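The structure appears below as structure tokens.
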């Protein structure tokens with residue numbers, strides 16, 4: 001996981017942190033532009049869109065439009081949503097080809113059902129895990145976002161989020177709310193053994209479960225790495241089942257409670273008594 005000492009979401013809300021000075025970096029810093037472009041390219045690859053066919057895509061947290069530029073280069077049409085007006089102003093100055101919309105992803109996506117063929121998001125999703133106001137509830141805001149996003153995607157479409165999770169609890173919070181909203185999918189971790197190059201991609205399927213893609217690992221030909229699939233489409237293990245019992249025991253251990261050790265008999269179905 002990424003270090004918490006330099007996390008921007010701990011400094012200020014996104015509409016405050018991404019001010020004019022910060023927004024200019026996304027049009028002037030060549031290293032930042034290169035990284036954003038690489039992550040956008042990977043996100044589009046994970047979308048697994050049909051070859052040679054233009055698609056209508058949603059870019060959540062589009063910022064200055066760097067990821068949108070790659071979408072345009074690939075021949076796709078897109079709509080970008082961002083909460084920072086300063087970042088969107090940079091995108092307008094750069095004359096990006098997509099349509100831009102000011103919006104808070106935690107309040108939901110205001111689009112008609114089945115509008116988009118896919119969705120990408122670069123370095124934005126983790127912001128929803130913070131409560132910037134007293135009225136903010138991260139689980140509720142995440143569920144509102146995922147449920148409205150699910151509705152706005154065509155059935156069988158994918159959504160790919162590159163994110164910087166702070167810890168495993170944050171990952172669990174995000175994936176739980178995504179599954180509650182109806183998504184299937186899992187987490188793809190590129191370069192899992194590298195502290196600097198490691199990248200997390202949450203790959204979600206709307207309505208139809210697909211095969212999770214392979215992952216990249218620096219220095220190894222082809223693909224290799226860590227892939228974690230959700231338990232099921234409903235987002236929960238079967239209640240009282242073996243997986244459900246193990247998950248409950250693990251949660252209690254994290255809470256510091258006394259829990260019996262796991263054995264081969266844990267969660268085992270008992271024969272009915274006659």
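Residue positions begin at 1 at the first shown residue.
Including glycine, each Cβ sits where the backbone N, Cα and C put it.
Copied over from TrEMBL:
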type: COMPBIAS; residues: 256-265; note: compositional bias 'Basic and acidic residues'
type: DOMAIN; residues: 58-131; note: domain 'Methyltransferase type 11'
type: DOMAIN; residues: 231-271; note: domain '18S rRNA (guanine(1575)-N(7))-methyltransferase Bud23 C-terminal'
type: REGION; residues: 255-274; note: region 'Disordered'
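For the domain 'Methyltransferase type 11' (58-131), the DSSP counts in helix, strand and coil order read 25 helix, 20 strand, 29 coil. Note on the compositional bias 'Basic and acidic residues' (256-265): DSSP counts are 0 helix, 0 strand, 10 coil. Mean pLDDT for the domain '18S rRNA (guanine(1575)-N(7))-methyltransferase Bud23 C-terminal' (231-271) in this predicted model: 69.
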